[in-house]
Every structure is written in structure tokens, then in C-alpha cells.
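Sharing a structure here in C-alpha cells format.
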Amino acid sequence: MKADIHPTYHETTVNCTCGSTFTTRSTKENGVVNAEVCSQCHPFYTGKQKILDVGGRVEKFERRFGRRRPGEKVGGAK
């Protein structure tokens, strides 16, 4: 194996915009990483996840094709 090809790991502090901080190891030399989201404030981990209908895609689909009722036949071959 080649010597001196692997980067050195440093103690690194991760600062989140929510105010949470934690320490990990990283190859980042200055020892500080600023993150926008972390496990303390990310909606998936906090249970506050929302499903967004961006741009009204469902409504647009229903306008184009209409809303079908269960058991209603869709137009077929002639």
C-alpha cells in the first residue's frame, strides 16, 4: 500500500442554523462545518413531514382528465 495518500481526520464541530451543534471527525481542515438542517430540525426526523403539492399538479391532472368514480368505465377502443 502507498504511504501518505490518505487525508488526515480532524475533530470537526457541525453548527446547524437551528442552533444545534455536535462534534464529529472530518477531513475539513478548519474544524467547523455550517449546515442548514440536521437531525434535530429536519422534518423527516422530527415527524413534522408534509407532503406538498407543488404547483397544483393534482388539480391540474383532475382538470385535464376529470375525477373518475370507482367502477366507472374509461373510454375504450371503438
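From the backbone N, Cα and C atoms, a Cβ is placed for every residue, glycine too.
This is the feature table in Swiss-Prot:
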type    : residues                   : note
BINDING : CYS16, CYS18, CYS38, CYS41 : Zn(2+) binding site
Around the recorded Zn(2+) site, report the further residues of that chain (criterion: Cβ within 8 Å of the mean position of the Cβ atoms of CYS16, CYS18, CYS38, CYS41; site residues excluded), sequence-ordered.
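Residues close to the Zn(2+) site, other than CYS16, CYS18, CYS38, CYS41: THR17, GLY19, SER20, ALA35, GLU36, VAL37, SER39, GLN40, HIS42.
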Which residue, out of the binding-site residues CYS16, CYS18, CYS38, shows the minimum number of other Cβ atoms inside 10 Å of its Cβ in this structure?
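Across CYS16, CYS18, CYS38, these binding-site residues, the one with fewest Cβ atoms within 10 Å is CYS18.
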Using DSSP with the three-state reduction, classify CYS16 (Zn(2+) binding site) as helix, strand or coil.
strand
